[in-house]
Amino acid sequence: KRKISKISKIREKKQLEMKVKKTHWAMFAITVGIIIGCMICIAVFAGFQHEDVKFKTMLVSIVIVLIFQFLIGDPIKFVILSIDRALWPPRIYIPPRCDKDEMDEKEERRDFLKQRLINKRANLMLTSRYRNYKLNDQYKMIAHDLFIYGPYFLCLMCLVLVTRDQTLYHNTRIITDLFMYNHTDYTGLQEVYFLNQLFDFIESTLVLAFNSNSTESGSPGWAHAEQSVLLGVMRLRQLRVSNPQVGLGPPKFSDTYYMPDWQLPYRKLHYSDKYWRIYEPWIPIKMGFEFLDALLMNFDHVGSLNSYPELAGYVSLLARSAANSMKVIDYLSENHWLTLNTSAVFIDFTLYNVDVNLFSICTLRVEKTPFGGIVPDVQVDSAKLLENVDQMPYTGLLALLIYVLVFIQFAQTLAVKLWYEPHLLKSVWNKLDLFIFMVNVLVVVLVVLRESLVASMMKKVEGASKMEFIDFRRPSRMHQLTTITIGFLICITTLRLWRVLQFASVFKLFTRTLYLAWSAVASTAIAIVIFLIGFCFAVVTINGNYSSNFNKLVKSMVMCMCYSFGFSAQVKPSELFHGGKWLGILCYGVLAFVIIVLLINVFVSLINDYFTVAKTIRDSERENRITFFEFLVVEFSGVLGRFRKLPCWRRNYVRNGRTVAENVSRKLDSMDRQRLMRRRLRQGRHHLTLIRMFLFDEYVEWPQEQQKQPEAQDPDPNLGPDGSPPQDKRQDEAEA
């Protein structure tokens with residue numbers, strides 16, 4: 001009966017194994033069938049040969065679908081499954097009772113012994129130095145942060161470096177030089193000295209130079225580049241003051257309605273809407289004051305003399321053709337559009353370079369000074385506003401995909417940690433993690449808003465008339481805000497790495513130094529700033545009318561600090577001598593010796609002293625503790641063990657024609673000989689010291705160990721005092 005029961009159990013077991021195998025093969029066949037079906041559908045409906053743009057679009061669509069499944073689909077699925085399990089719980093599965101045979105017990109026993117052997121081997125690595133559980137928990141947290149924030153930081157840096165375009169700098173520099181300086185075809189803005197020369201500059205530089213090389217579509221080309229096209233028309237905007245007298249306060253810009261030639265009173269004529277070209281330059285600008293305008297365009301241009309608001313002034317538009325533009329200029333000149341009340345004139349337009357898909361938003365500013373002259377300035381913002389995902393290179397797509405995956409992992413880790421342990425939010429580092437997540441979300445929102453603004457502007461370009469000013473400054477400002485937010489994200493991510501790098505003793509030393517020295521350093525810095533402000537007040541008062549580096553207080557402070565830290569290329573000592581030779585020597589002596597040598601060195605010496613104190617405290621508190629890398633070796637011993645099993649890491653045992661016991665015996669004998677040699681050397685050194693003391697009457701300080709416990713000679717060096725092998729002998733046997 002026992003044999004029959006065993007045979008029946010074996011048959012049932014085999015039948016169960018066959019059912020499991022059939023189930024696995026069925027799942028495998030279904031999976032392969034689905035893959036083959038998908039490949040057939042792709043081959044029939046889409047094909048495999050596509051353009052680069054279409055292929056990138058397909059890849060991006062696949063990634064978006066997968067991310068949607070991971071972020072939205074899976075949570076919805078688990079919510080539905082949890083509701084189903086909560087409302088209709090399944091029956092409790094009770095496995096059938098079956099008696100185990102001897103073979104199963106032997107296999108389970110063998111597996112148990114293998115597991116115990118692995119545990120024992122792991123315990124051999126845990127010495128007494130590894131029993132500091134508080135330090136182990138700290139290292140474990142640092143290792144977790146390192147594996148989360150390290151890849152995130154590297155992916156963020158790679159994404160920024162891959163998507164960075166160096167042509168933006170060259171485009172900004174070249175266009176600025178072309179408009180600022182003289183050329184063969186036209187006059188530069190730097191050669192405009194008075195306000196009555198501005199219309200001549202507009203005629204030569206902005207009308208004739210942009211219409212001498214027109215494209216086939218009728219768009220005005222540029223004399224310097226056929227591929228640069230002017231979008232829309234140029235806009236002239238001036239800010240006027242009601243009273244031209246200069247006071248101590250900021251100027252009050254006029255918003256009064258005028259008739260042509262700045263005549264009052266203003267009369268609303270019934271045909272003014274039809275002839276808006278005649279009456280618009282004398283009416284203040286009208287804005288819809290939308291939310292985006294209030295957010296993006298409500299700023300002031302910081303000039304050399306004053307700050308000028310963007311949403312104010314009187315506007316006049318030029319035309320597309322040179323002849324019509326000249327008519328507008330003649331009309332404005334005849335009716336004295338620029339007068340003594342004019343405070344500043346802004347010329348706004350947008351260039352688009354087709355070859356590099358680049359927008360250049362240009363703003364030319366002319367400020368009228370109270371003494372008659374003008375101060376010119378050129379501002380160019382270069383931005384790639386039409387760069388979609390399907391137009392990015394493959395390296396950029398790969399960097400973006402990896403960054404998205406790493407960011408999802410970072411967000412998941414943060415959400416799980418704060419969900420199960422909400423008290424961790426009190427920590428500053430966890431608050432910084434949450435802030436990093438919010439800044440990432442803000443960047444995504446800004447990118448979406450920028451794309452929507454660019455799409456709306458392109459629709460406006462498509463249906464715009466020839467007499468319309470197309471303002472690309474809103475998407476440009478949004479692009480700048482996105483770039484600034486990304487830079488701020490890089491800063492706070494780098495700051496978060498400071499917590500991760502606390503496993504190194506150098507960073508711990510820096511942290512303790514800053515903690516000890518912050519009050520003294522802050523007091524010293526305040527004293528330096530106070531002295532520097534006083535010195536800059538004196539320098540601005542004496543030399544401000546003669547030097548551009550010292551005409552403003554803030555700029556003067558920046559220049560003095562740059563000169564103090566060695567950046568002396570922009571500042572010349574002769575700029576301090578406009579008040580006389582002796583006063584210049586005094587100012588230069590104060591800057592070169594008091595600020596640079598005395599105050600800055602005091603600041604640095606103070607930090608150095610606290611650094612020495614922190615290092616002394618660290619050396620006095622040094623314990624027999626493991627390092628972070630030793631912790632990693634023990635923590636990830638399994639992974640390192642797999643690497644050690646590779647053929648390139650495996651060390652072969654060389655017998656040298658002897659057995660294992662003979663090799664162990666030879667190793668122990670060599671260790672004993674080395675120990676006896678060291679002991680004899682110590683005894684010889686002891687005898688030489690005694691002879692020197694006897695012959696030369698010298699006093700020699702004995703080591704503390706020799707004073708307390710002189711070395712005793714054992715009759716048998718191979719035996720301990722109790723007749724057992726010594727501790728060194730047992731250690732040598734273990735090493736052998």
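Glycine residues also receive a Cβ, built from the backbone N, Cα and C atoms like all the rest.
Listed in TrEMBL for this protein:
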TRANSMEM  25-48  transmembrane segment
TRANSMEM  55-72  transmembrane segment
TRANSMEM  146-163  transmembrane segment
DOMAIN    188-386  domain 'Polycystin'
DOMAIN    388-612  domain 'Polycystin cation channel PKD1/PKD2'
TRANSMEM  394-414  transmembrane segment
TRANSMEM  434-457  transmembrane segment
TRANSMEM  478-498  transmembrane segment
TRANSMEM  518-541  transmembrane segment
TRANSMEM  553-571  transmembrane segment
TRANSMEM  583-607  transmembrane segment
REGION    704-736  region 'Disordered'
COMPBIAS  727-736  compositional bias 'Basic and acidic residues'
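Long-range contacts of the transmembrane segment (25-48) within the same chain, counting only residues at least 6 positions beyond its ends with a Cβ under 8 Å from a Cβ of the stretch, are 58. Nonlocal intrachain contacts for the transmembrane segment (55-72), taken as residues 6+ away from its ends with a CB within less than 8 angstroms of a stretch CB, comprise 46, 389-392, 394, 397, 401, 404, 408. Per-residue pLDDT, averaged across the domain 'Polycystin cation channel PKD1/PKD2' (388-612), gives 83.
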